[in-house]
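Chemist: One structure follows; several queries about it will come next.
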Amino acid sequence: MDRRLLLSALLFIALACSSNRVHGALNRHSFPEGFLFGTGTSAYQYEGAVDKRGQNIWDTFSRIPGKIADGSNADIANDFYHRYKEDLNLITAMNMDSFRFSIAWSRILPNGTISGGINKEGVEFYNSLINEVIAKGLKPFVTIFHFDTPQALEDKYGGFLSENIVKDYVDYADLCFSLFGDRVKLWNTFNEPTIFCMNGYATGIMAPGRCSPYASASCAAGGDSGREPYVAGHHLLVAHAEAVRLYRARYRAAHGGEVGITQVSHWFEPYDAGSAADRRARRRALDFMLGWFMHPVAHGEYPPAMRRLVGGRLPAFTAEQSEMLRGSFDFIGLNYYTSNYAVAAPPPNKLHPSYLTDNWVNATGYRNSIPIGPPAYTPIFFNYPPGLRELLLYVKRRYNNPTIYITENGTDEANNSTIPISEALKDETRIGFHYKHLQFVHKAIQEGVKVKGYFTWTFMDCFEFGDGFKDRFGLIYVDRATLARFRKKSSYWFADFLRR
């Protein structure tokens, strides 16, 4: 027997035997009928096969020395492009209901536009993937854009800094709806626009790597940290609204699907609960992180705090755009990883404006040197399950109780090549993380929040953008040298938790 197969078989036996339910009575049947349990991926982080698509901004960014923590790239990634059929078997083995993945814009349209040509091989790949997902008894949950702007459009007009992106994105979304919408019933226009705009245009630590010189000397692409994040976000919101309007007019009646947008937010607690200034800071922190993209799709305008503090650097919606944005979702995706304390900050330096300081808030994970929750491997993340319930209740109150899918929740550990794989698979911390968060999701549902699903991040260890492969979020371990897959203990725990 192949040594890797033998090792995998032995690990299967050991971990399966130790995967008995280690927590209380909560399980799949505790949640409402039809509740979706799933796991997620994204195209650039998983697919590989870079030679079979057009270039995107991450292909360019990852080749700039120093931009990726471990110097890696995602040319091969997890080679999901060639291994998806066997990989989907791992998802069904965990008794999941749904698989969340994204379509690579440049794999469908290598030059970013319809006129630039459609890649038939790319279309065939996604058709085959969707068909296989359904054949496995899984519901496809598809993201149209997950940070990977075609490089051709970045070169042509600056990507999301130009209003030209709106038409090209809507054309691309239209093509996706027409090609795959007969089988895909859950569409997500954009993933985490806050992260895309903040780190792509304010800090420069993610593609396209733009920021002001005073924000970072390493932003060789140039930029304006006080203006460009808002410009890119504005065009993204208009593109989202146009795509939703098109779907509702052209496809919804025939396909019967739904379209949403995935937001991301920390929960924030006031550093000093007795301080009115810190309580106001908590509200501003939520407005700038969640409200930036949630308020427009719910109310047709930016949060009042953003309009007041950002002023003329924040673009204004036309009356038509505002009307189009208002209610432009059937559901909200919500990604949650951590909570912070919000501390009222003094007015920022007017000569150095930045999205990062416009909210007049200092966020920290520590109060009196005590963390808000156990720190994860990624230093900005803290394990604080009550924060997810608080965030869900906040969205319910502030935004008229929308339908919510928790589209990402997860924790990581270091990619430590010095320990045996058999030890790396023992991820008890991840089991406790998900169980405790699911307890608070269950509680929020009992309190009237319309949560319809919970997706782990991530299905298997993958390229984590600026961190490269140095951390592992997956339920499945990937050996970077061989790309062999090994089930972690958490994957067996989910199989037990989700037993039908």
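Cβ atoms here come from the backbone N, Cα and C positions, even for glycine.
So Swiss-Prot has the following annotated:
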- Glu192: active site, proton donor (ACT_SITE)
- Glu408: active site, nucleophile (ACT_SITE)
- Cys211-Cys219: disulfide bond (DISULFID)
- 1-24: signal peptide (SIGNAL)
Chemist: Counting across all protein chains present, how many other Cβ atoms fall within 10 Å of the Cβ of Glu408 (active site, nucleophile)?
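Modeler: A 10 Å sphere around the Cβ of Glu408 (active site, nucleophile) contains 24 other Cβ atoms.
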Chemist: With Cβ-Cβ distance below 8 Å and at least 6 positions apart along the chain, what are the contacts of Cys219 (disulfide bond)? List them in sequence order.
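Modeler: Looking at Cβ-Cβ distances below 8 Å from Cys219 (disulfide bond), excluding near sequence neighbours, one finds Gly204, Gly209, Arg210, Cys211, Ser212, Pro213.
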Chemist: Within 10 Å of the Cβ of Glu192 (active site, proton donor), how many other Cβ atoms are there?
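Modeler: By my count, 22.
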Chemist: Applying a 10 Å Cβ distance cut-off over all chains shown, what neighbour count does Cys211 (disulfide bond) have?
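Modeler: The Cβ of Cys211 (disulfide bond) has 28 Cβ neighbours within 10 Å.
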Chemist: Between Glu192 (active site, proton donor) and the residue listed as 'active site, nucleophile', how far is it from one CA atom to the other, in Å?
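Modeler: Just about 10 Å between their Cα atoms.
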Chemist: Helix, strand or coil: which one is Glu408 (active site, nucleophile) in, per DSSP?
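Modeler: In the DSSP reduction, Glu408 (active site, nucleophile) maps to strand.
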Chemist: Through the lens of DSSP with three states only, how would you label Cys211 (disulfide bond)?
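Modeler: Looking at the DSSP assignment, Cys211 (disulfide bond) belongs to neither helix nor strand, so coil.
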